[in-house]
Amino acid sequence: MTGSARDVLALRRFRWFLLARLLSSLAQQMATVAVGWLVYDISNDPLQLGLVGLAQFVPALGLTLPGGHLADRVDRRLILLSATLLTMLAMGGLLALSLSGRPGLHAIFAVMALLGAVRAFWAPAGQSMTAMLVDRHLLSRAVALNSTVWQISVIVGPAIGGLLYALGPAAVFATATLLLAGASIAAFLLDPMPAQERGERSHIFDGIRFVKSRPEILGSISLDLFAVLLGGATALLPIYARDILMTGPLGLGLLRSAPAAGAALSALWLAHRPPERHAGHKLFIAVALFGLGTVVFGLSTSFPLSMAALAVLGAADMVSVVLRQTLVQINTPDDMRGRVSAVNLVFITASNELGEFESGVAAALLGTVPAVVLGGVGCLVVAGLWAWRFPALLKFELPRSGA
């Protein structure tokens, strides 16, 4: 049996899932631009930008494993719907704060912490649903389409957020709240997805034990952790937009959209032509390109060159994402998907939010440009070390589309 991206999109249940993800992601990406610019405008301190990421990371770190355990025991559609509604309420909180005049940083950080906590339950349920919505031979294409939708939101969301911010942060948060209402409706229209657990492997930490027993899974998710932790520069984009490239809020939105533009093109290509042969080698090449793109961006003082470098690193990161997520999904039994997805998401959350904190601290200590450049070099070093340490990951192959 062969499959194509069109076969995946023909599935009604998968289309509702994609719509819920698209609207929710658009809302959160718009809010990210508004929160970043608002915090930097209030504080004029790069460390405070790092604390935005830390505020989301701490609750997510503590709650993601319980969230994955819950996803294996409760209807995943119900978790998705509840989390989307709570995110809408949190966005309403940001709207209220923005209308209050000049909001305090502590209040903003509190709302961001709530969003991090909610995502700890949304993400394991959402990530583990993909394999339940499509057949195995369509999985790599479904992962690529799911990633495409995410990247479209990362392209469009920041750009819209930057445009709306000209009307004030309240305009951004109000629009995001409406989008989340639509996402809640789409999640409600999904078919029920009852728990897959059958009484075995019922411990909350069994996901960790399973990952430790599979070197290719452990290697793939830890590679992402350290590469993005060191190579991520997104937390510092407000500084580049205002102080280095001097482009303003609209430029910040475009800079945030650039990695997603490259990633979306990459994901569309992968949805039609999955990298089934020499997948392990392609994974490490992609991580190395991500590091190189980070170095070029860090050194650039040209807005077009900065946009191009961000697009390249975004495209490379998408290849890595699709390969890693497909590897995890195809090697995980149904009754463990929630907990294994939770372990994966702990690593992803650490690399993103903790990476933002690391970037803020490094920029405060070393300066913005040295922090970004050294992070990109560190990403290259990590790629080389992991290729040596995890030979099984270097050699892994994806299942062929014909099955």
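Just so you know, the numbers here start at 1 and follow the chain as drawn.
Cβ coordinates are placed from backbone N, Cα and C, and glycine is handled just like the others.
Where the annotation comes from TrEMBL, it is an automatic prediction and has not been curated.
Note that this is a predicted model, so its numbers are computed, not measured.
The domain 'Major facilitator superfamily (MFS) profile' annotation in TrEMBL covers 1-194.
Residues or ranges marked as transmembrane segment in TrEMBL: 16-40 (among others). If one looks beyond the transmembrane segment (16-40) by at least 6 residues along the same chain, the residues whose Cβ comes under 8 Å of a Cβ in the stretch are 46, 48-49, 52, 80, 84, 87, 91, 94, 98, 103, 105, 108, 112, 115, 126, 129-130, 133, 145-146, 149-150, 152-154, 156-158, 160-162, 164-165, 169, 172-173, 175-177, 179-180, 182-184, 186-187, 189-190, 235, 237-239, 242, 249, 252-253, 256.
The feature transmembrane segment is assigned by TrEMBL to 46-66 (among others).
Look at TrEMBL and you will find 78-99 (among others) tagged as transmembrane segment.
What TrEMBL lists as transmembrane segment is 105-122 (among others).
Counting only same-chain residues 6+ beyond the ends of the transmembrane segment (143-165), those with a CB under 8 A from a CB of the stretch are 5, 8-9, 18, 21-22, 25-34, 37, 130, 171-172, 175, 249-257, 259-261, 263-264, 267-268, 270-271, 274, 314, 318, 321-322, 325-326, 329. Per TrEMBL, the feature transmembrane segment maps to 143-165 (among others).
Taken from TrEMBL, the feature transmembrane segment covers 171-190 (among others). Using a Cβ-Cβ cut-off under 8 Å and counting only residues 6 or more beyond its ends in the same chain, the transmembrane segment (171-190) has close neighbours at 13, 16-17, 19-24, 26-28, 30-31, 33-34, 77, 80-81, 84-85, 87-88, 91-92, 94-95, 98, 160-161, 164-165.
Among the features that TrEMBL reports, transmembrane segment is placed at 217-241 (among others).
Sequence-distant contacts of the transmembrane segment (253-271), counting only residues of its own chain at least 6 positions beyond either end whose CB sits under 8 Å from a CB of the stretch, comprise 5, 29, 32-33, 140-141, 144-145, 147-148, 151-163, 165, 234, 237, 240-241, 245, 247, 306-308, 310-319, 321-322. Sequence annotations record features per position, and here TrEMBL assigns transmembrane segment to 253-271 (among others).
What TrEMBL lists as transmembrane segment is 283-316 (among others).
Annotation source TrEMBL lists transmembrane segment at 361-388 (among others).
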Relative to the transmembrane segment (361-388), which of 46-66, 78-99, 105-122, 283-316 accounts for the most Cβ pairs at distances under 8 Å? 283-316
Short question: most Cβ pairs under 8 Å with the transmembrane segment (46-66), which of 78-99, 105-122, 217-241? 105-122
Cβ-Cβ under 8 Å with the transmembrane segment (283-316): same-chain residues at least 6 beyond its ends: 151, 220, 223, 227, 231-233, 240, 244-245, 247, 251, 254-255, 258-263, 265-266, 323-324, 369, 371-373, 375-380, 382-383, 386-387, 393-394
